[in-house]
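One structure below.
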Amino acid sequence: MPIATPEVYNEMLDRAKEGGFAFPAINCTSSETINAALKGFAEAESDGIIQFSTGGAEFGSGLAVKNKVKGAVALAAFAHEAAKSYGINVALHTDHCQKEVLDEYVRPLLAISQERVDRGELPLFQSHMWDGSAVPIDENLEIAQELLAKAKAANIILEVEIGVVGGEEDGVEAKAGANLYTSPEDFEKTIDAIGTGEKGRYLLAATFGNVHGVYKPGNVKLRPEVLLEGQQVARKKLGLADDALPFDFVFHGGSGSEKEKIEEALTYGVIKMNVDTDTQYAFTRPIVSHMFENYNGVLKIDGEVGNKKAYDPRSYMKKAEQSMSERIIESCQDLKSVGKTTSK
């Protein structure tokens, strides 16, 4: 299927909310990782989201260029073409973008999509993330207002983060002592500033103890009930029913999370979950095994010539793609999206 249109993306998110499941959002940095994501989604018969961080996009542009926008555009172009060969729907998203790089990433990408829409074409991306967790909440939401208006005009969904996700993402680190739990006051301020959809649809990355990176199970202290508290704040403020889920939540920093906590978060309106650390490991592990198992072949030692079949990048990149795709299927299972593609 072609990359999801804005209408299809909205339908995907609506179905996830109604069905109590979420889509894995897989961070990709190359054609190989994009292929792995598409393969995993297709084998799980799950729609999904492919996303590029600022660092991933810069990497995608090549060492000689190192340009976030050029890398994101190039990776998106590959994904648009590659997705046509698969029978599932996939949306393209850009991950964490902090204030200091907005002008180098999200703002120019929004402008590119607006130009496409003005020509009668579809936007290049279906959603973008603004990460204002490092600035005061009022400034965070003021910038969110600006970006949401631009996103709405280009038929794009905005993702907004309130609160701080611990750990490190693309070199940006949040200390454990930071505010890792979004407060009821911040939920209320969010509604006051950007509404609940009438000013443009947005996804909300509220924090409930999430931590980026790799941690042993049990070392991530999640409190999904924070998300329930956010929904309760919105219900009361908007006069909605007790079972309403007005916020579309995103789960960040889920590596090492207990399965039960993930399932609980789904009941509170999580419809997107970022997956990066686990798929990075899944991609790298078989490459390491290949190098150890073919040590004398991948290296030219003591005057020997090695084995071309062993050091041909295709020999180990195929294994990496397969392993990563299998880990993505596991994420689809965890998030209950298996077999629920809207393309059926």
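Placement of Cβ uses the backbone N, Cα and C atoms for every residue, glycine included.
Taken verbatim from Swiss-Prot:
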{"type": "ACT_SITE", "residues": "Asp95", "note": "active site, proton donor"}
{"type": "BINDING", "residues": "Ser53", "note": "D-glyceraldehyde 3-phosphate binding site"}
{"type": "BINDING", "residues": "His96, His212, His252", "note": "Zn(2+) 1 binding site"}
{"type": "BINDING", "residues": "Asp131, Glu161", "note": "Zn(2+) 2 binding site"}
{"type": "BINDING", "residues": "Gly213, Gly253, Gly254, Ser255, Asn274, Val275, Asp276, Thr277", "note": "dihydroxyacetone phosphate binding site"}
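Here the features listed in Swiss-Prot are placed on the structure.
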residue: Ser53; record: D-glyceraldehyde 3-phosphate binding site; DSSP class: coil
residue: Asp95; record: active site, proton donor; DSSP class: coil
residue: Asp131; record: Zn(2+) 2 binding site; DSSP class: strand
residue: His252; record: Zn(2+) 1 binding site; DSSP class: coil
residue: Asn274; record: dihydroxyacetone phosphate binding site; DSSP class: strand
Between the Cα atoms of Asp95 (active site, proton donor) and Gly254 (dihydroxyacetone phosphate binding site), find the distance and write it as a whole number of Å.
15
Spatially, which candidate from the binding-site residues Ser53, Glu161, Asn274, Val275, Asp276 is nearest to His252 (Zn(2+) 1 binding site), comparing Cα atoms?
Asn274
Out of these binding-site residues, Ser255, Asn274, which one has the fewest other C-beta atoms within 10 Å of its own C-beta?
Ser255
Distance between Asp276 (dihydroxyacetone phosphate binding site) and His96 (Zn(2+) 1 binding site) at the Cα atoms, whole Å?
12
Counting other CB atoms within 10 A of each CB, which of the binding-site residues His96, His252 comes out lowest?
His96
Which ones are near Ser53 (D-glyceraldehyde 3-phosphate binding site): of the binding-site residues His96, Gly253, Thr277, which have a Cα within 10 Å?
His96
Rounded Cα separation (Å) that holds between Asn274 (dihydroxyacetone phosphate binding site) and His96 (Zn(2+) 1 binding site):
11
